[in-house]
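Database features, via TrEMBL:
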type	residues	note
TRANSMEM	A:12-28	transmembrane segment
TRANSMEM	A:40-62	transmembrane segment
TRANSMEM	A:69-91	transmembrane segment
TRANSMEM	A:97-120	transmembrane segment
TRANSMEM	A:127-149	transmembrane segment
TRANSMEM	A:186-207	transmembrane segment
TRANSMEM	A:274-301	transmembrane segment
TRANSMEM	A:313-330	transmembrane segment
Amino acid sequence: MKKNKLLIQNSITYAIIIGCWILVQILASTGHMTSLMKGLLVPLCIYVIMAVSLNLTVGILGELSLGHAGFMCLGAFSGAFFTNCMANVIPSVQVRFFFALLIGALVAGVFGILIGIPVLRLRGDYLAIVTLAFGEIIKNLLNAIYVGMDQSGFHFSFKDTTSLGMDDTGVVIIKGAQGITGTPKAATFTIGIILVLLTLFVVLNLINSRSGRAIMAIRDNRIAAESVGINITKFKLMAFSISASLAGVAGVLYGHNLSSLAATPKNFGYNQSIMILVFVVLGGLGNIRGSIIAAVVLTMLPELLRGLNDYRMLIYAIVLIVMMIFNSSPKAIEMRSVFMDKIKKNRKEAA
Amino acid sequence: MAMLEVKNISISFGGLKAVNDFSVTIEKGQLYGLIGPNGAGKTTVFNLLTGVYKPDTGTILLDGKNITGRSTIEINQDGIARTFQNIRLFKELSVLDNVKVGLHNHFKYSTIEGILRLPRYYKVEKQMNERAMELLKVFELDSVADYKASNLPYGAQRKLEIARALATEPKLLLLDEPAAGMNPNETAELMDTIRFVRDNFDMTILLIEHDMKLVSGICEKLTVLNFGQVLTQGDTQTVLNDHRVITAYLGE
């Protein structure tokens, strides 16, 4: 009985996403879509993937990570790097984009493991601080590195393009603070939605499997989990690296949505990490559907309020506070349940 | 051969000899009690047996196999499961899932199989559910299998912890103050449960307890620990009537 309930819950989540896609298609074909909204569609998918994947670390594994944007940054750069390198080898943009997604996920996942090994030995606040530092290190490194490619292979430098020492066939791919330019704009809303569904598929199925239970057992009681023979390090690393590689996928999508990609504090800095954490906390720790809704609402809100100019961030802040209270304050939860009971009662009486 | 053979284990924390030269032999199928005043080092002995601490000296043999210095996870796989003095359940998981976590190392499929929902996932999950429900039935928890573990009443939480420990299919079960915080009725029920587990699961049980009614009621043999050292060991009645034991508990 419980299993069916779970199946229904998960199906609702998938249905919401597919419903959104259909709605957008209808709006677009009838011409009700402003260009502002069209520009928001892919970022919405990106933020939803980021929020869901961070929920795996924060809500399911129970470790506070503040460096999630760092993994997104890695995915974005490795994906865009691949697409630009292979421009002559694989002519089709779509095929290159597909492989870029795999590579972005792989690179971010591998870095997730590498960073996870030292970091996951820490707990609580310390872990948060160290992940924050790692996120910043990744961003700043990618901000400083120069990579070029010529006949003899790749050239790296931390100084400038001339010190790469390439011959005349050389092309500079990553230009330091300018980042990667000229990436084809391959990301579309449909691809974004497919990736969101894929992320949900991975995360929801993971949670309801043997490994997922082990991860949640570690979150609830580490000592007890160890006493029933669960390998703490293995499952912590597994959750952390899956979360990182999904962030990498979001990053590739981000990199292919803009023609020029640079690692600035605005897109991959810790503000971004905090913002995604806000989505997760607001949506409810461990609540995947909540993360999706929070990510969509809080990404749309500042854009929809653009007309209000100066008051826009003020309203954003107020909405955030009100939603937090409504979601998490004990009194508000009590009021909500009383309200829901009343509705149920009325329905019964009506029937 | 003895199920558990502990020879002269010691551990000190800084200058404090928490456990000094502790030895015990438990035969297969025995219900063995470890008692002693507060701070005598009983839980430290449990932590040494389960690999939370490594003994400074001495050896621990489980069913003839040397398990000294192995990690908690390895020792669990070797066959020792335990419960805790302060209940440690997976609070946010359902009662059923708590037991299924205990089954983790006995019913396996890979993470990939789990994510892709391959046929093996359904097959193994079905077996896990059946086995977990069997265990819950023994403890009369099958009707609350869908509840969150933290919503269970205290006595049921204690039982669930034992069920979870049994799910790991141990040879030796360690119970750390199973009757703590229970009223006399619950304690009586617990005594029946412990006996039932011993008989039906063919289990060897070592328990720490302060409730003398429970100890004298079910334990066949006792070891008394005082200031980290064995005060006396032997048959329950002989030990409980020993004047040194009474002195250790009540003073001169």
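Any Cβ shown, glycine's included, is placed from N, Cα and C.
The transmembrane segment (A:274-301) makes no contact with the transmembrane segment (A:97-120): fewer than 3 of their CB pairs lie within 8 A, with pairs spaced 6 or more apart in sequence. In this chain, the transmembrane segment (A:12-28) lies close to the transmembrane segment (A:186-207): three or more C-beta pairs between them fall below 8 angstroms, excluding pairs fewer than 6 positions apart. Same-chain residues lying 6+ beyond the ends of the transmembrane segment (A:313-330) with a Cβ under 8 Å from its Cβ atoms: 278, 281-282, 284, 290, 294, 297-298, 301-302, 305, 336. Taking Cβ pairs closer than 8 Å, the transmembrane segment (A:97-120) reaches residues 63, 67, 71-72, 74-76, 78-80, 82-83, 86, 90, 127, 130-131, 134, 138, 184, 186-187, 191, 195, 233, 236-237, 240-249, 251-253, 255-256 in its own chain, all 6 or more past its ends. Long-range Cβ contacts of the transmembrane segment (A:69-91) within its own chain (Cβ-Cβ under 8 Å, at least 6 residues beyond either end) map to 46, 50, 97, 99-101, 103-105, 107-108, 111-112, 131, 134-139, 142, 147, 149, 173-174, 179-180, 182-184, 186, 243-245, 247-252, 254-256, 261, 263, 267-270, 272-273, 276.
Remote same-chain residues near the transmembrane segment (A:127-149) are listed as 63-71, 73-74, 77, 81, 85, 111, 115, 118-120, 155-161, 163-164, 166, 170-177, 179, 262-265, 268-270, 273 (criterion: CB distance under 8 Å, separation of at least six residues from the stretch ends).
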